[in-house]
Amino acid sequence: MTGPRIIDGKAVAAEVRAEMAKKVAAIKSKHGQVPGLAVVLVGEDPASKVYVRNKGAQTVEVGMNSIEHKLSAETSQDELLALVDTLNKDPQVNGILVQLPLPKHIDAELVLNTIDPIKDVDGFHPVNVGRLWIGERALVPCTPTGSVILAKSVAPNLSGMDAVVVGRSNIVGKPMAALLLRENCTVTIAHSRTRDIENVVKKADLVVAAVGIPEFVRGDWIKPGAIVIDVGINRIEGPDGKGRLVGDVNFAEASKVAGAITPVPGGVGPMTIACLLKNTVEAFEMQTGLSADA
Ligand SMILES: NC(=O)C1=CN([C@@H]2O[C@H](COP(=O)(O)OP(=O)(O)OC[C@H]3O[C@@H](n4cnc5c(N)ncnc54)[C@H](OP(=O)(O)O)[C@@H]3O)[C@@H](O)[C@H]2O)C=CC1
Ligand SMILES: Nc1nc(=O)c2c([nH]1)NC[C@@H]1CN(c3ccc(C(=O)N[C@@H](CCC(=O)O)C(=O)O)cc3)C=[N+]21
Ligand SMILES: [Mg+2]
């Protein structure tokens, strides 16, 4: 018997970035402009700092402008809203990402709703959420977009599959369900109130885990041969006392049963950043009417 296919998110993400680098170069030579991405970080969350650093480095690597705003944890809501407003008006800024979570004294929903939808490269603004669900051109959340690309890298046609998304957050679970519906899957969304969740998951040809609990999905919940996309990023302490990253799926167990599975790290995470760059190029094209081809 052959083992499961380990889906290499790092490699697929590198392909997406290479494609973006080509597009950005073409835009630059044709139009003399490059897309710009602004990332706003409030506070000192160490994990957020790592992501923001990675985003900035990869933005520059594909030839785009990276604008980083690092604000103290004491920044007021009004100051943050004023910054978003400035970025909304800045023609050099095509994409705006405000890193979550925000400090408790700031109303995250209000901040996200203040980002101009055409610059909302996270796809979190209600206008983009609505457009996604009704099938209009939208900026679509990066993690679900990356997850679909990874699933299609092993099964190009997802049509008719039973898909189960575990988790119903606005940033992962719900947009994931919308994208899988668009791929013609039969979609079930499971969450903390779902009864008999293991048997719900067991029916799935495609499982997406976005729960936030380390190794929550067990091997015996997986239908043999299923595709498993693990969105979870959990830092836990290993037996050696060192920090280690695990997903929301028990990889050791599930990889014995699945047909294909994403690892953590090296699965969905790198795709999230690659899709952010893709959205920034798309936002630039929508805002300027310019493109790589014309
Ligand atoms: N790879 C990447 O790029 C990204 C990774 N992540 C990771 O993905 C994971 C999910 O993130 P996010 O969506 O923001 O998390 P949230 O905490 O916002 O949502 C978690 C969801 O899981 C559900 N849930 C919690 N406990 C259970 C349970 N016991 N049984 C079934 N469902 C449960 C919750 O249900 P209910 O609604 O009922 O409370 C909720 O819908 C995290 O590990 C996060 O770090 C997130 C973003 C990007
Ligand atoms: N407005 C906003 N948009 C986001 O998209 C957003 C956010 N806020 N807040 C936090 C989450 C989390 N997130 C990740 C991005 C990259 C990796 C990533 O690159 N992971 C690598 C390595 C991670 C590591 O080594 O620490 C991997 O899984 O291989 C992970 C997680 C984006 N998020
Ligand atoms: Mg959350």
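For all residues, glycine too, the Cβ spot is worked out from N, Cα and C.
TrEMBL entries are annotated by machine, without manual review.
Per TrEMBL, the features are as follows:
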type	residues	note
BINDING	G167, R168, S169, I233	NADP(+) binding site
DOMAIN	7-122	domain 'Tetrahydrofolate dehydrogenase/cyclohydrolase catalytic'
DOMAIN	141-287	domain 'Tetrahydrofolate dehydrogenase/cyclohydrolase NAD(P)-binding'
DSSP-assigned states of the domain 'Tetrahydrofolate dehydrogenase/cyclohydrolase catalytic' (7-122) in counts, ordered helix, strand, coil:
62 helix, 19 strand, 35 coil
Chain-internal residues near G167 (NADP(+) binding site), provided their CB is under 8 angstroms and they sit 6+ positions away:
G173, M176, I189, A190, H191, V208, A209, A210, V211, G212, V231, D248
So which of G167, R168, S169, I233, listed as binding-site residues, have a Cβ under 6 Å from an atom of ligand 2?
I233
NADP(+) site residues G167, R168, S169, I233: biggest Cα-Cα distance, Å?
16
Can you list which of the binding-site residues G167, R168, S169, I233 have their Cβ under 6 Å from some atom of ligand 3?
S169
For the domain 'Tetrahydrofolate dehydrogenase/cyclohydrolase NAD(P)-binding' (141-287), what's the model's average pLDDT?
97
Could you put numbers on the helix, strand and coil content of the domain 'Tetrahydrofolate dehydrogenase/cyclohydrolase NAD(P)-binding' (141-287), residue by residue per DSSP?
56 helix, 30 strand, 61 coil
Cβ atoms within 10 Å, counted per site: which of R168, S169, I233 has the most, among these binding-site residues?
I233
